[in-house]
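Below: the structure, in structure tokens.
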Amino acid sequence: MKKHGMLNSHIAKVLADLGHTDLIAIADAGLPVPDGAPKIDLSLTAGVPAFRDVTSLVAGEMAVEKVIAASEIKDANPENASFIESHFSAQTIEYMSHEEFKRLTQKAKAVIRTGEMTPYANCILQAGVIF
């Protein structure tokens, strides 16, 4: 049995398989997952697990080069927008329209669905390298 780090075997495998510039999406409960995109559904009930918790844990297990979010989060969900800005202050943060964001999830190696029930609480983490 694994003792440390990411215990969810599906997420651990995706993280281990990431290469430079690969994408992994962390989504609220309402984000549509494109057909064919691998979905890891962690949602248990409204708000559990939270977007911030899942994002922090996943990001802590990988080299993050860039974070992508919908520009709408800034006005519709300032608390989670502030979280993204502060948690990823050392990384590039790119904003795009929610429609563009949804299209980009088609390229994600996985979409991790949380129980988050606040608007636009989604981000895409682009893998960096550790050397």
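A Cβ is built for glycine as well, from the same backbone N, Cα and C atoms used for every other residue.
Non-local contacts of HIS20 (active site, proton donor) by the CB criterion (under 8 A, 6+ apart in sequence, same chain) comprise GLU65, ALA127, GLY128, VAL129. Look at Swiss-Prot and you will find HIS20 tagged as active site, proton donor.
Around the Cβ of ASN122 (substrate binding site), the same chain contributes ALA25, ILE26, ALA27, ASP28, LEU31, PHE51, ALA69, ALA70, ILE73, PHE101, each under 8 angstroms and 6 or more positions distant in sequence. Annotation comment: Swiss-Prot describes ASP28, HIS98, TYR120, ALA121, ASN122 as substrate binding site, evidence class sequence analysis.
Taking the Cβ of HIS98 (substrate binding site) as centre and 10 Å as the limit, one finds 17 other Cβ atoms among all the protein chains shown. Proximity of TYR120 (substrate binding site) to non-local residues of its own chain (separation of 6 or more, Cβ distance below 8 Å) is seen for ASP28, ALA69, ALA70, GLU72, ILE73, ALA76, ASN77, ASN80, HIS98, given in sequence order.
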